[in-house]
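Per Swiss-Prot, the feature compositional bias 'Basic residues' maps to 9-18. Residues annotated as 3-methylthioaspartic acid in Swiss-Prot, with similarity to another entry given as evidence: 102. Marked as region 'Disordered' by Swiss-Prot: 1-22, 35-57.
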């Protein structure tokens, strides 16, 4: 337990919290070729690789992912939610933060129904999360 004199000389430091989606915290100025300090809720990028990976124990599946080069020149791995997708190399995608618990290193989600990513076909529930239009009556 510090004395009051010690606290006067050197106050307590507040904890610095680390971002869970660091690639969204920076922009890029292509004229100056420098990173800028403007954060964004989503970022646009180009898929450089699309594939599947297996989750950690005890789960078993083939989870779809895309490696994305963002507009700020960061390269990140993003999860493709929903059943089926139309993404391939050079597709333009929009990503948001949000990790996938059983895929190590996947901290971002691709937003379905935005840019080149199509919504999930035949989806009836939670349609807004998967970019699906309302069914015809």
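Numbering starts at 1 and runs along the chain as displayed.
Cβ from N, Cα, C; glycine included.
In terms of DSSP secondary structure, the region 'Disordered' (35-57) contains 0 helix, 14 strand, 9 coil. Within the same chain, residues 23-29, 63-72, 75-76, 78, 80, 87-97, 102-104, 111, 115 sit at least 6 positions outside the region 'Disordered' (35-57) and bring their C-beta atoms closer than 8 Å to a C-beta of that stretch. Per-class residue totals from DSSP over the region 'Disordered' (1-22), listed helix then strand then coil: 7 helix, 0 strand, 15 coil. Cβ contacts within 10 Å of residue 102 (3-methylthioaspartic acid), excluding its own Cβ and spanning all protein chains shown: 15.
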